[in-house]
Amino acid sequence: MHLSLLKAKIHRATVTHAELNYEGSIAIDGLLLEATGIREFEQVHIWDVTNGARFSTYAIRAEDGSGIMSLNGGAARHVQVGDLIIVAAFASMSEDEAKTFKPNLVYVNARNAISHTNHSIPTQAA
């Protein structure tokens, strides 16, 4: 059996552009792609923290260090510039692989620069 586990996420990034007439995708600062291990053209899920929208698209690389988080094409209709989003990618793996796998979690500041990284999410308390 294969499991689908969170591979990587960019947590609470700020949307910098929403380009309706650009070919569909999300352009992500290249440094964030490298930090997460998300590859160009990989499917990603977008969860808009501001408005609750949830959808999927694919990642393309934006200029390194630019802070760009640009939703393009039809995806641009689901967000507004300034919205906070989570970008997540998943990977399929065996149960044995899943036992030792750790996701790449990247947390960013208001300018979409990396503030810190982690490989686990703290336990949620009551």
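Quick reminder: no glycine exception, Cβ is built from N, Cα and C everywhere.
Per Swiss-Prot, these features apply:
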- S25: pyruvic acid (Ser) (MOD_RES)
- S25: active site, schiff-base intermediate with substrate (ACT_SITE)
- T57, G73, G74, A75: substrate binding site (BINDING)
- Y58: active site, proton donor (ACT_SITE)
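Other Cβ atoms within 10 Å of the Cβ of S25 (pyruvic acid (Ser)), summed over all protein chains shown, number 20. Fewest other C-beta atoms within 10 Å: among the recorded positions Y58, G73, G74, A75, that description fits G74. The binding residues for substrate are recorded as T57, G73, G74, A75; their greatest pairwise CA distance is 10 Å. Checking each of the recorded positions S25, G73, G74, A75 against Y58 (active site, proton donor) by C-alpha distance, the shortest gap belongs to S25. For the substrate site, the Cβ centre of T57, G73, G74, A75 serves as reference, and the other residues of the chain with Cβ at most 8 Å from it are G24, S25, I26, F55, L71, N72, A76, R77, H78.
T57 (substrate binding site) is surrounded by 19 other CB atoms, counting those within 10 A of its CB over all protein chains shown.
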